[in-house]
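Beneath this line is the structure, given in structure tokens, with notes to follow.
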Amino acid sequence: MSDREGLFGGDDPFEIARKWLAEATETEINDPNAIALATVDASGMPNSRMVLLKEIEDAAFVFYTNYESAKAQEIEASGTASFVMHWKSLRRQIRVRGHVTKENGPQADEYFASRSLKSRLGAWASKQSQPLASRSALMAEVAKITAQKGPNPKRPEFWGGYRITPIEIEFWADGAFRLHDRFVWRKNTSHDNWTITRLSP
């Protein structure tokens, strides 16, 4: 019997991640696709924030944001990021580290078009991470954008996706008496495959 049967069974970490997320969608109170995204600034100081993961592809994880935000500037400078997804209802988590590239083509256009009208207008109105005088100033900008853009605003150039291509994916499941189960998939770039290792809790 394989040491990885059950929750950790299979050799494709992206498929395991999709299965876990599907389970969390049935059990979490809200936002099962929320991730704590970590980046570093120019001085090496870390930054973290919650964002929503929008897709698990065959070889990458995708989220969307404002390209003028602090997170985007830090990603552009380092080309790397990490994140953790944690589900209290399942007592499981996934940790990912990897390289980041932009997704600002048709896929980003399609996702932007799928958002609610108010969310699309909000993306245009928000100068993310910049100082804001007041909430009323923000709402005034939303009203102005609404009048300018009409009912079908296109994706702004300063807004789009990022694709995290992992070098490492760790799956963690709670165990009794802190004897948790942990397996890490590490990318072998020379052979384009994964080395799978059980880790001590």
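In case you wondered, yes, glycine gets a Cβ from its N, Cα and C as well.
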**Complete:** In Swiss-Prot, substrate binding by Y111, R115, S119, R178, L179, H180 extends, among K54, K71, to K54
**Prompt:** Just checking: which of Y111, R115, R178, H180 have a Cα that is within 10 Å of the Cα of V51 (FMN binding site), counting only these binding-site residues?
**Reply:** none
**Prompt:** Which one of these binding-site residues has the most other Cβ atoms within 10 Å of its own Cβ: Y64, Y111, W172?
**Reply:** Y64
**Item:** Spatial neighbours of K54 (substrate binding site) that are distant in sequence (at least 6 apart) but have CB under 8 A
**Value:** N33, V62, F63, Y64, Y111, G161
**binding-site residues compared (S119, Q128) - the one with the fewest other Cβ atoms within 10 Å** = S119
